[in-house]
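Chemist: Copied straight from TrEMBL:
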TRANSMEM  16-41  transmembrane segment
DOMAIN    31-281  domain 'G-protein coupled receptors family 1 profile'
TRANSMEM  48-68  transmembrane segment
TRANSMEM  88-110  transmembrane segment
TRANSMEM  131-153  transmembrane segment
TRANSMEM  188-212  transmembrane segment
TRANSMEM  233-251  transmembrane segment
TRANSMEM  263-280  transmembrane segment
TRANSMEM  292-309  transmembrane segment
Amino acid sequence: NLTSEMFNLKWNYRSILFFLTFLCYVIIILVNVCVVLTIILNNELHEPMYILLCAFCMNSIYGTAGFYPKFLSDLLSPVHVISYSGCLLQAQVLYSFACSDLSILALMAYDRYLAICRPLEYHSVMSKKRVITLVCLAWLTPFFIIAVSTLLASRLKLCSQYLNRLICLNWSIVMLACFPAETIINSIIGNITIGIYVLHSVVIVWSYMFLIKTCVGSIENRRKFMQTCVPHLISLFTFSATLLFDVIYIRFETNNLPTTLKYFVSIEFLIIPPIMNPLIYGFKLTKIRKKLLSPLFLLIIVIFCLQPLKTPF
């Protein structure tokens with residue numbers, strides 16, 4: 001078993017933190033489920049841009065499930081221990097979640113590039129079948145890539161059971177290895193993975209270079225850009241900023257940071273993007289906003305969310 005670092009708070013403060021964390025998790029589930037159901041239940045939203053958004057929100061639900069239930073349980077427990085297999089599973093979920101997010105953001109950027117820069121080819125290139133295939137690849141490819149890193153980490157003999165973070169990550173586990181020479185292959189695979197997802201970032205930058213160039217000379221294209229690309233850019237900035245802070249914290253860990261700030265930086269990618277993204281898209285994209293504000297659809301959402309609460313008694 002591995003011992004995870006936890007807030008050294010009195011019970012009443014921990015209870016407040018539990019309530020705030022639980023509320024945050026409920027909001028994340030609610031806003032993401034609302035967007036997912038809005039898209040699934042409305043045939044007119046079965047278009048590439050909305051399918052990708054649906055996948056984006058589903059990925060947020062998957063990723064946060066790897067953190068919040070365990071964290072909430074730890075807040076109510078005097079002992080903060082996670083099994084080695086549980087730690088590896090959490091690392092697998094969190095890494096694959098972050099990599100899938102970047103893959104889907106790259107697909108969104110490419111989708112907007114085709115829609116605005118090559119509109120005549122858009123529907124033939126981004127057919128519904130092809131988009132679904134790309135979404136499956138955006139989920140499965142990171143899962144299997146990260147699974148290789150997780151399996152490599154699982155073979156290491158650890159000389160410490162203490163994790164100095166709130167969450168399990170592959171790098172944190174590898175740093176506990178008794179023999180640094182055994183971690184060389186982990187570093188190589190890690191750098192290859194980073195390289196793969198740097199290429200995703202290149203695709204995003206390349207797409208937006210052409211988007212901006214195309215939109216400069218057309219009022220209509222500028223309108224499309226503002227309506228559909230701005231939410232994507234905000235999501236991209238939020239994701240990049242939170243991930244950058246976390247990577248800096250992992251690689252250049254420092255004891256100079258206040259404890260509370262260290263905790264927040266280590267989990268901010270599980271708080272800010274999963275809440276902001278569905279809200280940004282929900283308010284900015286007209287079709288989704290209209291459906292979300294429809295009284296009948298709100299009733300369907302409420303019934304769906306309350307369904308699991310029913311009991312046979």
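Placed from the backbone N, Cα and C atoms, the Cβ positions cover glycine too.
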Chemist: Have the transmembrane segment (48-68) and the transmembrane segment (263-280) got at least three CB pairs under 8 Å, pairs 6 or more apart in sequence?
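Modeler: Answer yes: the transmembrane segment (48-68) meets the transmembrane segment (263-280) with 3 or more Cβ pairs below 8 Å.
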Chemist: So what's near the transmembrane segment (263-280) in sequence-distant terms, Cβ-Cβ under 8 Å and 6+ beyond its ends?
Modeler: 7, 24, 27-28, 31-32, 34-35, 56-57, 60, 63-64, 67-68, 94, 98, 101, 165-167, 231, 234-235, 238-239, 242-243, 245-246, 249, 257
Chemist: State the residues, same chain only, that lie 6 or more residues beyond the ends of the transmembrane segment (188-212) and have a CB under 8 A from a CB inside it; answer 'none' if no residue qualifies.
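Modeler: Same-chain residues near the transmembrane segment (188-212) but 6 or more away: 99, 102-103, 105-106, 109-110, 112-113, 116-117, 145-146, 148-149, 152, 170-171, 225, 229, 233, 236.
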Chemist: Within the same chain, where does the transmembrane segment (88-110) have neighbours whose Cβ lies under 8 angstroms from its own Cβ atoms, ignoring anything closer than 6 residues to its ends? I mean 6 or more beyond.
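Modeler: Sequence-distant neighbours of the transmembrane segment (88-110): 49, 52-53, 55-56, 59-60, 62-63, 65-67, 70, 82, 134-135, 137-139, 141-143, 145-147, 149-150, 153-154, 167-170, 172-173, 193, 197, 200-201, 203-204, 207-208, 232, 235-236, 239, 243, 269-270, 273.
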Chemist: Can you work out which residues elsewhere in the same chain, 6+ from the ends of the transmembrane segment (131-153), have a Cβ less than 8 Å from its Cβ atoms?
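Modeler: Same-chain residues near the transmembrane segment (131-153) but 6 or more away: 48, 51-52, 55, 59, 88, 91-92, 95-96, 99-100, 103-104, 107, 111, 170, 173-174, 185-186, 189-190, 193, 196.
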Chemist: Average the per-residue pLDDT over the domain 'G-protein coupled receptors family 1 profile' (31-281) and send me the rounded value.
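Modeler: For the domain 'G-protein coupled receptors family 1 profile' (31-281), the model's average pLDDT rounds to 85.
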